[in-house]
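Copied over from TrEMBL, here are the features:
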type	residues	note
BINDING	ASP25, TYR26, GLU27, PHE28, ASP29, SER74, LEU75, GLU104, ARG127, GLU164, LYS279, LYS303	NAD(+) binding site
ACT_SITE	LYS106	active site, N6-AMP-lysine intermediate
BINDING	CYS397, CYS400, CYS415, CYS421	Zn(2+) binding site
DOMAIN	583-661	domain 'BRCT'
Amino acid sequence: MEALVKELNQHSYNYYVLAMPTIADYEFDQKLAALDKLEKEHPEFADPNSPTLKVGGDITKNFTTVPHRWPMLSLGNTYNEQDLRDFDDRVRKTIGDQFQYVCELKFDGLSISLTYEDSKLVRAVTRGDGSKGDDVTTNIKTIRNVPHQLKNEAVPPLFEIRGEIFMHRAAFDRLNKEREELGEVQYANPRNFAAGTVKMQDSKEVAKRPLDCFLYSLNTDKNYFKTHWESLENLKEWGFNVCEHTKLSSSIDEVLAFIQYWEEARFKLSYEIDGIVIKVNSYAQQQELGFTAKSPRWAISYKYKAQEVETILEKVTYQVGRTGAVTPVANLKPVQLAGTTVKRATLHNANEIERLDLHEGDSVFVEKGGEIIPKIINVNLEKRKEGAVKVNYPTLCPECNTSLIRKEGEVAFYCPNDEACPPQIVGKMQHFIGRKAMNIDGLGDETIETFYQRGLVAHISDLYTLHEKSDQLKTLDRFGERSIENMLKGIEQSKQMPFEKVLFGLGIRYVGETVARKLAVGTKHIDKLTSASLEELVAIDEIGQRIAESIIEYFGKPEHLQQIDLLKGYGLQFEVVEKEITLESDKLTGKTFVISGVFENYSREELKEMIENNGGKILSGISAKLNYLVAGDNMGPSKLEKANKLNVPLISVDDLLELLK
Ligand code: IVH
């Protein structure tokens, strides 16, 4: 029992505080149930602080702790039809046969409680331990779907609304890919990414990571509505994002049909769910049913088992990326799982191999819980062959035999041979020509690979001498005159790409698109950048110690400076050219604007351009001098207040278009 308490506490900490779980939810629940059973059989040994008594979660040190006005409870879990029918029987015993259930999706994110006073969002608090949580208001305010100010005035003067913060799969994939490109550790799933984001200290960073929110319950001092369903309908009216896939059911069989439908259909959603929540609809009946120590008796969750299969681990191979990071990949005996054939699974890093204690030929359990890349969750030890060889993470680079290194505080191993390790060289060139960097038409990843193998290119700068090698190019298969011409034209045009793109294209570690832009704006010229000191670099907006050190290390290598000299000689852009704007009109000359909120048909960037192209000026903040505040949805309440106080006129996009007519 003691061992279980200890283990479960560690898993809770990994899940709630670190947002990096190392065990499947199902396994956790099984262990918790085992402990619960033992405690019932031997109450004399039960720990008074047992995890069976806790709602879960923990408090993070760096936020203010706020008590919840109404406790944030958890839900009982069920995994099969019988458990659910038992729940239905229990409900019937207390309230009879006349009732309905509301079936909702169980969003896989983290719960949040939002407090509104006088129609204004005043606080957003995480669940924490259920009675108090972290005040993360500024972070939550960056979420588009969370209204700061309700338009509808006819709402209770004070209420708490609860819901789930999550990240869409597409955003998760994109951001995780960016992290991979920057050599940063990737998140295992969207839930962890969302949880990690909500707990960030810098709200500016949070704003860059698109989070979303579904709301699913209302707490007020007195009951404004008779049923949960009615309250959800009203929440929509008040401007809250309530999920449309919610259903009113009259019997447990209807509930089971809903569960069965979503078991498959869930993979088509743009976000992840891990089950279904069933709630008794009538508030009066909910009250009659009441609560246990940690969950309501009027609601329960049905959790989908992650889809899992057993297959053989054939071998572990290692991929060397552009930054030199060496990533292990499990090659599996092909197997059908959730409608696709799985041949590979991610192993993330060396720690993961150790955690699983992988041996060659192991029979492994592979899970696809809606995540994109399947994952090995466990090894079937009973099937391990005698004398099986343990998988050992290599000490030498699998591509160039250089000794691998691991930087302090990082989980990934790197091959430091960035000048001669083939996949690093090819990867760097592929990054340089990529869409987000130099965007070179007529040149693709495979072509780069071929050119490298034929000895035509070995450095970025070699791309700019390809025109001298057209005889050799013509000898390559599938490379006609037209495609050579196109490619050379694309390469020539890339010389006009702005400095920030060139800088991003160089592939300096930790210098992503945004950082490259900040560096370009902050230094204006490559010579200023290559000679900048650590202090000068960290003084630039958004450049921290880690990025600055990486830049200094990069420009400290003579071969990198030599490349830059060559590229300069070929005519690439290494300084910021201030854009000369040719005005479309001078209709807005002398007028100042601030743009705030979100707009249906325009991005803020487009509106800014529209204003500047017609002679207007964008100001950074609201002051008495300001002529117009272009106001969109979900504008910050403090801005609104200030504008009102200073009598700055608020205009809509339509008003702006009117000014331009
Ligand atoms: S109702 C008292 N509805 O699941 C019950 N919870 O395991 C309050 N969750 O803490 C929760 N989707 O974070 C409810 N439609 C939904 C949900 C949902 C996800 C989460 C929530 C809760 C946990 C309980």
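Any Cβ shown, glycine's included, is placed from N, Cα and C.
All TrEMBL annotations are machine predictions without curation.
Locations of recorded TrEMBL features on the structure.
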residue : record                                  : Cβ contacts under 8 Å, 6 or more apart
GLU27   : NAD(+) binding site                     : none
ASP29   : NAD(+) binding site                     : ASN77, TYR79, LYS303
LEU75   : NAD(+) binding site                     : VAL277, SER295, PRO296, ALA299, ILE300, SER301
LYS106  : active site, N6-AMP-lysine intermediate : ILE273, ASP274, GLY275, ILE276, VAL277, SER301, TYR302, LYS303
LYS279  : NAD(+) binding site                     : TYR101, VAL102, GLU104, HIS228, GLN286, TRP298, ALA299
CYS397  : Zn(2+) binding site                     : VAL320, VAL326, SER403, LEU404, CYS415, ASN417, CYS421
CYS400  : Zn(2+) binding site                     : CYS415, ASN417, ALA420, CYS421, PRO422
Most crowded position, judged by CB atoms within 10 A, among CYS415, CYS421 as binding-site residues: CYS415
Which of ASP25, ARG127, all binding-site residues, has a Cβ with the fewest other Cβ atoms inside 10 Å: ASP25
Mapped DSSP class for CYS415 (Zn(2+) binding site), helix or strand or coil: coil
NAD(+) site span - longest C-alpha distance across ASP25, TYR26, GLU27, PHE28, ASP29, SER74, LEU75, GLU104, ARG127, GLU164, LYS279, LYS303, in Å: 25
DSSP helix/strand/coil residue counts for the domain 'BRCT' (583-661): 27 helix, 15 strand, 37 coil
Among ASP25, GLU27, LYS106, CYS421, the recorded positions whose C-beta sits under 6 Å from ligand 1: LYS106
Zn(2+) site, defined by CYS397, CYS400, CYS415, CYS421: further same-chain residues with Cβ within 8 Å of the Cβ centre: VAL320, GLY324, PRO398, GLU399, ASN401, THR402, LEU404, PRO416, ASN417, ALA420, PRO422, PRO423, GLN424
Integer average pLDDT (0 to 100) for the domain 'BRCT' (583-661): 86
